[in-house]
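Undergrad: Structure in structure tokens, see below.
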Amino acid sequence: MVAISSVAHKLLNYVPFLLVLIDLRYEGVKGGKDGGVENHLEMGKKLLAAGQLADALSHFHAAVDGDPKNYMVYYRRATVYLAMGKSKSALPDLSKVIELKPDFTSARLQRGNLLLKHGKLDEAESDFKKVLKSNPSSREEQEAQSQLKKSDEIQRLVGQAQSDFNRRDYSSAVPHLDIIIDTCVWDADSREMRAECFIQLGEMGKAISDLKAASKLKSDNTQAFYKLSTIYYNLGDHEMSLNEVRECLKLDPDHKQCFSHYKQVKKLNKQIQAAEELIQQQMYSDAISKYESVMKTEPNVPQFILNAKERMCHCLSKDQQTPKAISVCSEVLKADPQNVNALKDRAEAYLQDDQYEEAIKDFESAKEHSENDRQIKEGLERAQRLLKQSQKRDYYKILGVKRTAQKKEILKAYRKLAQQWHPDNFQDAEEKKKAEKKFIDIAQAKEVLTDPEMRSKFDQGEDPMDPESQQGGGHHHHHFRGGWDNFNPFGSGPFNFKFNFN
């Protein structure tokens, strides 16, 4: 008894809801199955009005299943499909409505408009003409006449665009296709034709946009994905090319063009990824070899050659292979004068080669195209400091070594020059005085360039031996570690000192 009372109580709770449903009225719905179908129709209408499209659609599905001969349930479902942007699904329902009720001009007019948007011009014109013959309302008559006129104009433009395209007059075909697509927004064929025109005119960005739309408008559009992949490939975008060709193979794993292209893109992608991993590991020589392999794998696409050389330029600059870096970076900039990465890398190579003014020019050019790049700003400031420093005292020049010289090279150069300019080697007072100054410069150069901290400061444009150039103000004094502490070898009296060669 308790269980029965509980069930009865729950049923009573639903009574108000059931009474509301029973009281609902429906338009254009007839038949013996009114109860369930009408309930679904009314709930679907309310949910549609509330914007709950998915729930509304489920009710209209149920209504169609409950009464498949009721034209209104198809019409309501078509309305939801259109609200959801699913015009392809709406078309069969509108056709079913017209089949069940041929004089339903509103449905025929809607189908005509959809057919026009899909570029099915002959079928659209047929619907518009039948609307005009079926005693339409004044609004329906006016709309049908307007759309029929528009369809006739589109037919003319399609013929003109096709004629221009066949004559390879792509620049004339595009304006016609623009007008066609403004009306036939879901016509995949017109978009594919315009995409081909853009490809031939070299406007790849616009071609990509049209092909992406075409790949969605036409099911199993493997050709659109293949074209997208080849465009990205020729633009040097191996990752996007790989993505698009994979979409093609998802639709047709045996597609010959896509499969062949896939193998090529995958191989290239693997090489480029390996090269970039080597750069991350600072294995620049190995990365250069990998990018040389990339150029061998794809020697016919200029953008891949340019991209590979740009990365090689970076590696050579980082690896301090200065002459090669300048040469390769210059090749890149000849083809692409605004390449910011190549400008930065060549500027760094110029700094390694003591070509400060050239480095400044490159950093300034890079800054014009990338104003907010912190690396460029810092590089430019460093190049300007180094130029100013070079006009004073340059420890690298004093020892005759490159900025990239290792400690072993620096010490070797120092020993040779210290022996050459040792004051004891000179008897003439004037020559001895000159040798003393030179000898001090050589010793200071060795002291700075063999001390990592002082050398780093000097490389940033600061002279650690010059108190005035020290950052933060104040006086800084550095003692020589090579036997110079509290000792002036050039004091009065005859020279009689020992010099420690470290």
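Each residue, glycine too, has its Cβ placed from N, Cα and C.
Because TrEMBL annotations are produced automatically, they should be read as predictions rather than curated entries.
Annotations per TrEMBL:
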- 37-70: repeat 'TPR' (REPEAT)
- 71-104: repeat 'TPR' (REPEAT)
- 105-138: repeat 'TPR' (REPEAT)
- 131-153: region 'Disordered' (REGION)
- 222-255: repeat 'TPR' (REPEAT)
- 340-373: repeat 'TPR' (REPEAT)
- 394-462: domain 'J' (DOMAIN)
- 454-481: region 'Disordered' (REGION)
Undergrad: Would you mind splitting the repeat 'TPR' (222-255) into helix, strand and coil residue counts from DSSP?
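TA: Counting residues by DSSP class gives 27 helix, 0 strand, 7 coil.
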Undergrad: Please compute the mean pLDDT of the model over the repeat 'TPR' (71-104).
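TA: 92, rounded to a whole number.
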Undergrad: May I ask for the residues of the chain that lie six or more residues beyond the region 'Disordered' (131-153) and have a Cβ under 8 Å from a Cβ within it?
TA: 103, 105-106, 108-109, 112-113, 116, 121, 124-125, 183
Undergrad: I'd like the per-state residue tally for the repeat 'TPR' (105-138) from DSSP, helix first, then strand, then coil.
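TA: Helix (H, G, I), strand (E, B), coil: 26 helix, 0 strand, 8 coil.
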Undergrad: Just to be sure I understand, if DSSP states are collapsed into helix, strand and coil, how many residues of the repeat 'TPR' (340-373) fall in each?
TA: 27 helix, 0 strand, 7 coil
Undergrad: With a Cβ cut-off under 8 Å, give me the same-chain residues at least six positions beyond the ends of the repeat 'TPR' (222-255) that come close to it.
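TA: For the repeat 'TPR' (222-255), the sequence-distant neighbours (Cβ-Cβ under 8 Å, at least 6 residues beyond its ends) are 188, 192, 195, 199, 204, 207-208, 211-212, 214-215, 261-262, 265-266, 268-269, 272, 301, 303-304, 306-307.
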Undergrad: How do the residues of the repeat 'TPR' (71-104) split into helix, strand and coil according to DSSP?
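TA: Its residues divide into 27 helix, 0 strand, 7 coil.
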Undergrad: Within the same chain, where does the repeat 'TPR' (71-104) have neighbours whose Cβ lies under 8 angstroms from its own Cβ atoms, ignoring anything closer than 6 residues to its ends? I mean 6 or more beyond.
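TA: Same-chain contacts beyond the flanks: 26-29, 37, 40-41, 44-45, 48, 53, 56-57, 60-61, 63-64, 110-111, 114-115, 117-118, 134, 186.
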Undergrad: Could you give me three numbers for the repeat 'TPR' (37-70), the DSSP helix, strand and coil residue counts?
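TA: Counts, helix then strand then coil: 27 helix, 0 strand, 7 coil.
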